[in-house]
Structures are given as structure tokens and as C-alpha cells.
């Protein structure tokens, strides 16, 4: 048995019964990493020695009767989530030597469970991108087709899960950065409600949009990981005062009579025909399970991309002002303080990060604040209202995750607008702060995965997981693996 190929929900009972030891699992995981990492390049940092130490700690906990839910489970963590004493770069040269002096809340919760950290995964620099081509270190490849992108910005996490280089992973989602890579790599990605999972220790991109979530091999694994990472955190002022619940309780429950909204604005010209066909097939499958499709309208969808790129870049220009070479990270010497700031930021940040800082600074400038930033916030409210009105009629909203399957490496990197439009179906969810999941719903003729997005009401992750699980169990797509 190749233990690295098992799901989280398969390994947990095996560890509990003593049939499998954590040490054995990580041997298989690192064997797989050795086989395929040279092709996939999912990781920035592999924590091999640390992983074996953690495996010993996990085994000691098991033998002393102190096993927790995720004890002995190898998990990969996106490289913008702080791990104390372990290199955390955000895939940026400006943080090439940053070892956080503290632990993020989500990894603290995993540590309390005695998990095993496999490594820190590659990403678009500071989570700005949709392809993982903007990494300051290397480009991650899609395990289904090594000439294509894995999506972004959590491309390393999604690729690692798809390639069985870990059992599960954590990502972050600001405008689709968990869901779009999950769609491209044929895995499951959940973006929780804003405030459901603590952001303490997540390196900020856009503070009103960022959210940490799981990337897993199946829906039940996502539910299990959510049990551990969700819940109120006093260290995060935006954390919702809602404690974690058992999300696995809802798996397998009846979905008959559930109303699913189909927004007409999400079936647009320019969308890949095969994606449209797979989504329509998925809607028929949900109908056969007893769900009731209802056509709805989210009328301000057409403004979502513009709204997002004003708000997100404005917040980024403020958040990234702290990287100046003084306290940590890259420092390039200059003849005075101002020159040091300029040289450090010029050499440390990549092209896309510089572009977004400039755009955000422009939007916040005195002459344009009213015309851009303030107006974008007003449109954001309209988008949020669209969802509230829709959820008066339906229980969930079903859409494509992305307008196309994974595109070729280099295909969109020189065309920012085309790259930005690849998040057109995911961005509104972040602007509204609602939860959404992406799960596999078929393949293109070229064998590339297609993702189905299910959007729920605020804090109804349990309902999303219930519906996603029902669909997943009635289809074979989650069982498909890339041939690497």
C-alpha cells in the first residue's frame, strides 16, 4: 500500500487502530516527493528533518494515549502562512531569508494536533497571481499536464495534493486562490466565510478579502481539516465569534429539495465550451439527486473584476509598505535611507507585485480616491446585496469555478487583463465574504480537470460540504489521478 496516495479520512482510522505509523506515512510521502518534485516543483522549502522529528512526537502522543484528530498526518502549508523558525518567503526575493519568530493560529492548531509539516508550498509572489508563474523562485507545473499552470496563487498546494506529495494542504484565497488551483488540478478547495478561520500569521495581501482554507483530495477531507482550523481567535480582530463545529456530521445527509441557483451572468461568451458542458452535466446530476435548479441573477457580476482589482491593490499597497529592508528580509544598501528603501523594494519585488502596488497607490491618491476606491467599495456593497437577494430564493449557488481548464505556461503572463479574467467566477465570493467550494466535475477532451463551484450563505460551510459530498459520491471524478 502506497500510504501517500490515501486520503486524510482513510489514514485517520488506520493510525487510530495502530495499523499504520506516522513514520511509515512520511517515508512514502518523501519517496513520492523524490520521484515527482523535480517535474512538478510544488514546494519552496521541504522540511525533511523536521518532519521526521514531528513523526516521532506524533508516535509518542499515540503511544501515551494523547492522539488528536490529525496526529501523524503529513500536511503541506502555503508559504505565506507563518511557521515559527521555518523559512516563510511568500515566494518573494524580499523575504528570501525570513524565519518567523511566531506561529500562525492555523499551524498552531495543527501543531496541537501533532500533525507533520512536509514543507512550504510555492505560490504567486505575495499571493498576487492566478498561475504560480509570478513566484520569485520557480514555476510550479500542473500534474495533469506539465506544460500547463496549476492555477494560483495557491498553485503549489493544489499541485502537491494532486500529485500525492502530501495528504492535504493549506492555501489562502483572496480572489479565488484556493478554488481556481483546485479546479485546475482536479482536487477540492474550500474558501471559508470571511472570519471563519483566523488570519493571524497569514502574511497580508488584501486584509478584507484574504481567507485561509483547505485543499484536499476529497470533500470529507476538507470537512475534517475545517474541524481543526476553524473557530474564533482573539489574536485576529476580524475573526468571527463563532466556535468550530463538526463539519463531518452533515456528510451523507439528504439533499432532496435543496434549491440551487444558476446565475445567468456566469454563463458568458468567451467561456470554454467544454467547461460549460461539464457544469451543465453537473447541474443535471444534482437534479437527479433531488435538487431544484432555479435561474437567478447576480446583476453586478460584470463589475466584480474591476471592483476587486481596485480594492485588493489598494489594500496591498498599504500592507506591502512594511517591506523596506530595515527590520527583516532583503536589504540593498544605498547612500541614504530613501535610496535603501527604493533599491530594496525595486530589487525585492517582482513585476506583478510592483504593478499592483502602483495601481493601489494610484487608487488611494488624493485626486482619485473618490473616483476609484470609494466607488469600488460602493459597488462591493451592491455585489454583497446581490448575494443576499439571491439567497432569499435559493439555498446554494452553483457555477463554474474558472472559465477554462488550465492554460499553458506563458500563455497569459504578458497579458495582465487576460490573467485577471481567469478569476471572474471566484472574485465575487471574496467581495461578498461568503463561503464557496470547488470540486472536480469532469474533464476536457485533452484530459484537463474542470471544477464545479458551490457558493453558500455566510457561515454555511456545513451545507456546502453536504451538497458537495452528495455530488462527489454520485460521480467518479474525485477518484481520477494524474499519470506522473
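Keep in mind that glycine also has a Cβ here, set from the backbone N, Cα and C atoms.
Other Cβ atoms within 10 Å of the Cβ of residue 78 (active site, charge relay system) number 31 in total over all chains. Per Swiss-Prot, active site, charge relay system is recorded for 78 (among others), and the stated evidence type is sequence analysis.
According to Swiss-Prot, the feature active site, charge relay system maps to 153 (among others). Non-local contacts of residue 153 (active site, charge relay system) by the CB criterion (under 8 A, 6+ apart in sequence, same chain) comprise 123, 124, 127, 128, 129, 130, 132, 134, 172, 174, 177, 181.
The number of other Cβ atoms within 10 Å of the Cβ belonging to residue 177 (active site, acyl-ester intermediate), over all protein chains shown, comes to 37. When secondary structure is read from DSSP and collapsed to three states, residue 177 (active site, acyl-ester intermediate) falls in the coil class. As annotated by Swiss-Prot, active site, acyl-ester intermediate applies to 177.
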